[in-house]
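Colleague: Okay, so Swiss-Prot annotates it like this:
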type	residues	note
SIGNAL	1-20	signal peptide
MOD_RES	Gln21	pyrrolidone carboxylic acid
DISULFID	Cys48-Cys104	disulfide bond
BINDING	Asn118, Gln169, Asp178, His212	Ca(2+) binding site
DISULFID	Cys157-Cys171	disulfide bond
BINDING	Arg206, Asn308, Arg343	chloride binding site
ACT_SITE	Asp208	active site, nucleophile
ACT_SITE	Glu245	active site, proton donor
SITE	Asp310	site 'Transition state stabilizer'
DISULFID	Cys376-Cys382	disulfide bond
DISULFID	Cys418-Cys441	disulfide bond
DISULFID	Cys448-Cys460	disulfide bond
Amino acid sequence: MFKFALALTLCLAGASLSLAQHNPQWWGSRNTIVHLFEWKWSDIAEECETFLAPRGFAGVQVSPVNENIISAGRPWWERYQPISYKLTTRSGNEEEFADMVRRCNDVGIRIYVDVLLNHMSGDFDGVAVGTAGTEAEPSKKSFPGVPYTAQDFHPSCEITDWNNRFQVQECELVGLKDLNQHSDYVRSKLIEFLDHLIELGVAGFRVDAAKHMAAEDLEYIYGSLSNLNIEHGFPHNARPFIFQEVIDHGHETVSRDEYNELGAVTEFRFSEEIGKAFRGNNALKWLQSWGSDWGFLNSEQALTFVDNHDNQRDHGSVLNYKSPKQYKMATAFHLAYPYGISRVMSSFAFDDHDTPPPQDAQENIISPEFDEDGACVNGWICEHRWRQIYAMVGFKNAVRDTELSGWWDNGDNQISFCRGNNGFLAVNNNLYDLSQELNTCLPAGEYCDVISGSLIDGACTGKSVTVNEHGYGYIHIGSDEFDGVLALHVNAKL
């Protein structure tokens, strides 16, 4: 009987931890993460204070924080080739990172770190030098900055069969030296690294290449982590939020379902399908059942996004900033529809897969600069600063915890729906105008369309819609309009 009770206690404790690891630890009604890809820590701190907090963002995913190899030309992917766990990168040093985390937490913005637990750097010709000056010999699996030696890695082999579990989880992903997470020593170094970040005040982690690690090893590592630091405003016994990169198209041996109880999982099918729909390859009317009915994960397990730093560089259905009208429509739908844990992308301009972030002649990352409207101008795209996107972050806050209702469509690519009595969204992806009296579900009054303008000092700088006592309003979205979407909510009532 004692053994059964002990087993039950351990099982319940494990379930409790895994549920806690799905909690992003947001402040108030905030509920959108932005990925400030390759930004410097000092710039993120200022962005938290001056832009993200005032506009209701909930958190920031930051690029990898630990020392990485220096690659010729400084491509973005060098950040994903670690050689030690020292907190020095082109984004800044440990002091600057800690200052950023503190300042962002102070204004209610949580920090989630992209962490590399699967591997160290790939082969390098001779001795490699990292961003903190550490030397390593990746070809010999020698990383004295940790330290790791060859015995801490799986034997070298190549992934040639993605349906072979051994290859996927113990061979080298694109030549990156594959750590043995089943080793007590390797586990201890990874836990030490993550716990240090927790001590500095981070709220959680995006786990890169999670499918290339056995779920039972990750379960042990996650379960061994410290609780979040209460000195940064987290409640007692709060667990780090975990979201794991698992690319699962539904036909491979290693499945997302092995990981979704450990934490949230990046729902790549969401990204692919929303791209198909707003590129016109699937009618928007079918989006009424968007979510788990499409074969996606359950809402509380899914980290959702239109694009990410990887797939925005690939060809195919995924939308990115280079198709701005469709991208803004897709993002508006993403943030308005009640499904998933939402993350928006903030990119830099790229011409090819390897384009580095904006940098000076000495290869130092440069700070974003802004025009009079607050848009970025010097190689940074900053989608999160587009009015049509940050306004939808405010919309999502206004409609939090409300249900989808009042769905309407024209049988094709014009749709609208309500979020309770708090918000209304309409989209026109047809080649003709949407002009229709529609149920907005909102209380009677005049509302500012937060896509075409902003509510400033009681006046709307864009379109406005008058809602009658029955909740109906006249909605017009011309086929030639730049945005193709209209959004109203109770916090934008004139």
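Heads up, the Cβ atoms here are built off N, Cα and C, so glycines get one too.
Thinking about packing and proximity, how do these listed features fit into the structure?
Modeller: In the shown protein chains, 22 other C-beta atoms lie within 10 A of the C-beta of Gln21 (pyrrolidone carboxylic acid).
For the recorded site, Cys48 (disulfide bond), the DSSP three-state label reads helix.
Other C-beta atoms found within 10 angstroms of the C-beta of Asp178 (Ca(2+) binding site) number 24, with every protein chain shown included. In the three-state DSSP classification, Asp178 (Ca(2+) binding site) falls within a strand.
For Cys157 (disulfide bond), the same-chain residues that are 6 or more apart in sequence and have a Cβ closer than 8 Å to its Cβ are Gln167, Glu170, Cys171, Glu172.
Close to Arg206 (chloride binding site) in the fold, though at least 6 residues off in sequence, lie Gln61, Tyr112, Val113, Asp114, Val115, Phe243, Gln244, Glu245, Thr266, Leu303, each with a CB less than 8 Å from its CB.
The number of other CB atoms found within 10 A of the CB of Asp208 (active site, nucleophile), across every protein chain shown, is 20.
The Cβ of Asp310 (site 'Transition state stabilizer') has no same-chain neighbour under 8 Å that is 6 or more residues away in sequence.
Cβ neighbour count for Cys382 (disulfide bond): 22 (other Cβ atoms within 10 Å of its Cβ, all protein chains included). Cys382 (disulfide bond) carries neither a helix nor a strand DSSP state and counts as coil.
On its own chain, Cys441 (disulfide bond) has Ser405, Gly406, Cys418, Arg419, Gly420, Asn421, Phe424, Gly471 as residues at least 6 apart in sequence with a Cβ closer than 8 Å to its own Cβ.
DSSP assigns Cys460 (disulfide bond) to a strand segment in the three-state reduction. Under 8 Å, Cβ to Cβ, and six or more positions away along its own chain, Cys460 (disulfide bond) finds Cys448, Asp449, Gly453, Ser454, Ala492, Leu494.
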Colleague: Let me spell it out: for each of the disulfide-bonded residues (Cys104, Cys418, Cys448), count the other Cβ atoms within 10 Å of that residue's Cβ, using every protein chain shown. Which one has the most?
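Modeller: Highest number of other Cβ atoms within 10 Å: Cys104.
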Colleague: A 10 Å Cβ contact count, applied to the disulfide-bonded residues Cys48, Cys171: which residue has the minimum?
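Modeller: The disulfide-bonded residues Cys48, Cys171 were compared, and Cys171 has the fewest Cβ atoms within 10 Å.
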Colleague: If we check Cα distances from Cys376 (disulfide bond), which of the recorded positions Gln21, Cys48, Asn118, His212 wins as closest?
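Modeller: Comparing Cα positions, the candidate nearest Cys376 (disulfide bond) turns out to be Cys48.
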Colleague: Let me know the DSSP-derived helix, strand or coil state of Cys418 (disulfide bond), please.
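Modeller: Reduced to three states, the DSSP call for Cys418 (disulfide bond) is strand.
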Colleague: Using DSSP reduced to three states, classify Arg343 (chloride binding site) as helix, strand or coil.
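Modeller: DSSP call for Arg343 (chloride binding site): strand.
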